[in-house]
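Quick notes on the structure that follows.
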Amino acid sequence: MHIPHFHLHKGPKGVRTISYEQLLSEDDSYASEKLSEDHVTEVHFVTDKDEDSNASGESRGSMELLENCFSLLHAQDDTSKFVSLTMLAKLLNDHPNLIFKCWERMDMKFLDRLLLSTHYEYVDLGVSILLAFCSEEAILRSYEVKKRVSTLLQCCLKHYDLCIPVICTLSSNPKSAKYLLYYTSFIINEFPFEQAFEILSNALYALDNVQTYMRPIFQGIDKRRGWKLDCTFSFFSDLFSRFPVQSWYSEAIRANLQPLMDAVVERFITDKNLSSATVILSNLLKAAGPASIMPNDGFMILVIGRCSAEIRGSLGMLVKAVGQKGKHGTVSYTVCECYEVLGLLIRYLCENCDVLAQRIEPDKFFQLQRSLTELFSDTMDFLRDAWDNNKNRDNLASHVTVISAVATLCLWLTEDDSQYAQASGLMDIFVYLWRHSWSNGIDYAKWISVALPSMLSNKVFFKAFKDFDAWKVVYDDFIKCNDDLKGDKSFNDYILSTNEEDGEDERLAQAIQDFHILIQLNSLVPQSIWNDDIWQEPYWKNLLESNF
């Protein structure tokens, strides 16, 4: 560990002391350069002499030097304190193991005075000292560092660039990050927004849950009318990308969401770039639901139209890019967020279709449906073209744009039977992605199997499904889910041990979905599969008997 020399220098002879008032005064002309040369020479004489001693003598010498150092540090005059810091820097460079002893005996009041000084040299010295000691995690999490945070933030208001390395160091540990976040209200209300957001982002990212700190942040932005600023959007876009909804949202801030939503509405109306707005909107929708967030049906129609246009305008350039890492990453990210928003709104539309059909004018409702139909027609063309133009299918299947496109497309296909014939042209892709999900943890099986029962009612789609022997992937998935569920126990033992309060296991839900698809495909599947041992499990045996 390297301890900096604290920026002290030799100066002319002649020393005077300095009071606390002088140290903080605007008129203070006492600079670190005015340290006595005699004092500095004495320090070097002592340290040089110590370096020439043997191992035991070196230890004794360093301890003697340490005692001399702290005698000067706690002296009444400030000149002695400055000299002691020169000694301390030299001592810690030679003996870094003494850092904890030095921190325990540090003159904290003097350190605070340095941080609050009106002279840059003193502030620089104080920040350097604090940063050097905070390089040790145990010191970083100490009570004395916690007590310095208020002073550091006051210093940071005047010397932001000087203090930000210490802020970043504090933010590197969850405990010390909380020391900073204790002052969330002060930070968001007193600092320029860009600086406040940088401090808060650094500190928040050290934690797993940030609910506690969201309300004062919302209130501070509201108080200072900062909702429309680009830095505000960047802050929330980054925050929501980093944390899942449950990590930042609580009912306590529901009432504070409206100003942010109003700013999002304005962005959708006026801005060409929807990147930040879609990230924020998707998270607000997941947190509070469309009914609470959407100001009116007109805005919902606007959002669907703009997101659809954003996606359709970008898919062409992404056909080849999805097979090349890093290419058009920003565009892919925006497209994914647009799909995310559309998925949430499609669910809302499906769940409230009758009510919305009565509320929304027929021509606008038709316009909304046409917009989505055209989008997903283009989405299927994109998937077909991307598949045919990229040989590395595993990379393609793992690309965020493909994942988002398939997830939202399958949701839409559960409702729109007019596009089943076109969807039949993706049968090879669906089968591949379903199998791909087994080893890569992507929910393709879940998404495709939800849409499949509806699509199988279409003759064109059913024929394509039959031609690809796609029933095999459904049955293989059913067996795999059962194997995963059983582990070392029998399947029935697993079912009996499942706690209903914990909710249904996703693998069990998938197995049940596969079962119902197999029943629907009874005319396609070989009848011999119904004789497999899996159907002797009481759970499936009962289901099978009730369906035949």
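Using N, Cα and C of the backbone, Cβ positions are placed for all residues, glycine too.
When the residues Ser25, Ser171, Ser332, Ser528 are compared with Swiss-Prot, the one annotated as phosphoserine is Ser25.
Between Ser19, Ser84, Ser117, Swiss-Prot assigns phosphoserine to Ser19; no such entry appears for the others, which is not proof they lack it. When you go through Thr47, Thr330, Thr373, Thr498 in Swiss-Prot, the residue listed as phosphothreonine is Thr47.
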